[in-house]
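J.: Take this structure, written in structure tokens, and hold onto it; I'll ask about it next.
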């Protein structure tokens, strides 16, 4: 069936209007910027390098953030570990202090106790020695040893060693048998001579020889005077 005259005219009119609109929207002239055109045509490698640099920068930023996060986690871990170690040290130190306090309480009464000593006396014809043995060695004994006090030392009064008796001394003991007197327990016979006793003996012997020489000189002088008187 052929279209009517009105429909043909209407379709023709629409086509004309569409062509007119297309003609109005067409660009009359296309102008290219030579610098931009040349840069676009020759800048493929440059743009590729720029993209690579941008990717590297993004990767570096990401790595930096990861390192910072790892350091933060490590610091938190170290802080927690240090706190735990400090608690363990404090608990151990508290236990040690408790043990030391108990030891001090146990040790303090022993300082106030009387010193248990054993006194031995050794006698013979030439010397007399008194030896004091301290069984409980305390801080006072250490101080006495350093200061030369009554607790010990070379110059202490607990060990009294008299000089050997001379020929004119009648107060020296004449017993030839050594006797041992112990206040707490009996021990075997001990014969010894201390350094001070040996030194005292040498001094006495030297004094005795000097005295004999003086006596001999006096006798010689007295004998010569008697001879002169007889003449």
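Yeah, the Cβs are placed from backbone N, Cα and C, and that goes for glycine too.
What TrEMBL lists as region 'Disordered' is 1-28, 92-122, 142-231. Per TrEMBL, compositional bias 'Basic residues' is recorded for 11-23, 180-189. If you look up TrEMBL, you'll see 51-85 marked as coiled coil. For 146-155, the entry in TrEMBL reads compositional bias 'Gly residues'. Under the heading compositional bias 'Basic and acidic residues', TrEMBL lists 208-221.
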J.: Sort the residues of the compositional bias 'Basic and acidic residues' (208-221) into helix, strand and coil with DSSP and give the three counts.
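T.: Tallied per class, the compositional bias 'Basic and acidic residues' (208-221) gives 14 helix, 0 strand, 0 coil.
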J.: Which whole-number mean pLDDT does the model give the coiled coil (51-85)?
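T.: A mean pLDDT of 94 is what the model gives the coiled coil (51-85).
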J.: For the coiled coil (51-85), what are the same-chain contacts with Cβ under 8 Å, counting residues 6+ beyond its ends?
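T.: Contacts of the coiled coil (51-85) (Cβ under 8 Å, skipping residues fewer than 6 from its ends): none.
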J.: Going by DSSP assignments with H, G and I as helix and E and B as strand, what are the residue counts for the region 'Disordered' (1-28)?
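T.: When I sort the residues of the region 'Disordered' (1-28) into the three classes, I find 21 helix, 0 strand, 7 coil.
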